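Participant: Before I ask anything, let me first share the structure, which is written out below as structure tokens.
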Amino acid sequence: MASQLRVYVPEHPLIKHWLGVARDENTPPVLFKTAMGELGRWLTYEAARYWLPTVDTEVKTPLAIAKASLIDPQTPFVIVPILRAGLALVEGAQGLLPLAKIYHLGLVRNETTLEPSLYLNKLPERFAPGTHLLLLDPMLATGNTIMAALDLLMARDIDANLIRLVSVVAAPTALQKLSNAHPNLTIYTAMIDEQLNDRGYIVPGLGDAGDRCFGT
């Protein structure tokens, strides 16, 4: 059976709330950044539900021995935010995966061609076998940036089945590209918006998430 891209839009009231705050053009940068951090937290929570491997063990309570299920300490976890806007999602995600290593990836989009160029690559030469990777990109618009990021990850022996992509807003254009190129991928997003404008921005979207986070 052929693989098929899995896209989840969690029906969580806190995700809906913080998305509404982030969408509002009157939200000041400090609150916008807070909203993005909360979206990073709750979308990571949803993404981790069937993704975190556990081991069965026993612990001693003050009264007796109890069975317990703990996150497998042998599994390597990695968070990769795509700069700049991906930084806003890191705090929330890292709060749930405190032992994860964080590797930064900087990609900037040419506003004329809409093609990305790489300006920062802190990825390792290779990822350890079995690495679980959380990829953070707030806006999946044309799909060009996320495709470039995935090319860099795949060249370093990451297993697409072990990637969870967290995005705040996604457009059908990007999802179609990802479906064609990486059907094993799993995506968690707060919303799938209808379309892109002639500048490649998602509509209604959030505007420029990086600019809004940092007040520039």
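Cβ coordinates come from backbone N, Cα and C, glycine included.
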Participant: Can you find which of Arg41, Arg49, Arg109 Swiss-Prot lists as binding 5-phospho-alpha-D-ribose 1-diphosphate at the same site as Arg84, Asp137, Pro138, Met139, Leu140, Ala141, Thr142, Gly143, Asn144, Thr145, Asp208?
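Facilitator: That 5-phospho-alpha-D-ribose 1-diphosphate site, as Swiss-Prot gives it, pairs Arg84, Asp137, Pro138, Met139, Leu140, Ala141, Thr142, Gly143, Asn144, Thr145, Asp208 with Arg109.
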Participant: Nearest of the binding-site residues to Ile202 (uracil binding site) by CA-CA distance, picking from Arg84, Ala141, Thr145?
Facilitator: Ala141
Participant: Taking only C-alpha atoms and a 10 A limit, tell me which of Arg84, Met139, Ala141 are near Ala209 (uracil binding site). These are the binding-site residues.
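Facilitator: Within 10 Å Cα-Cα: Arg84, Met139.
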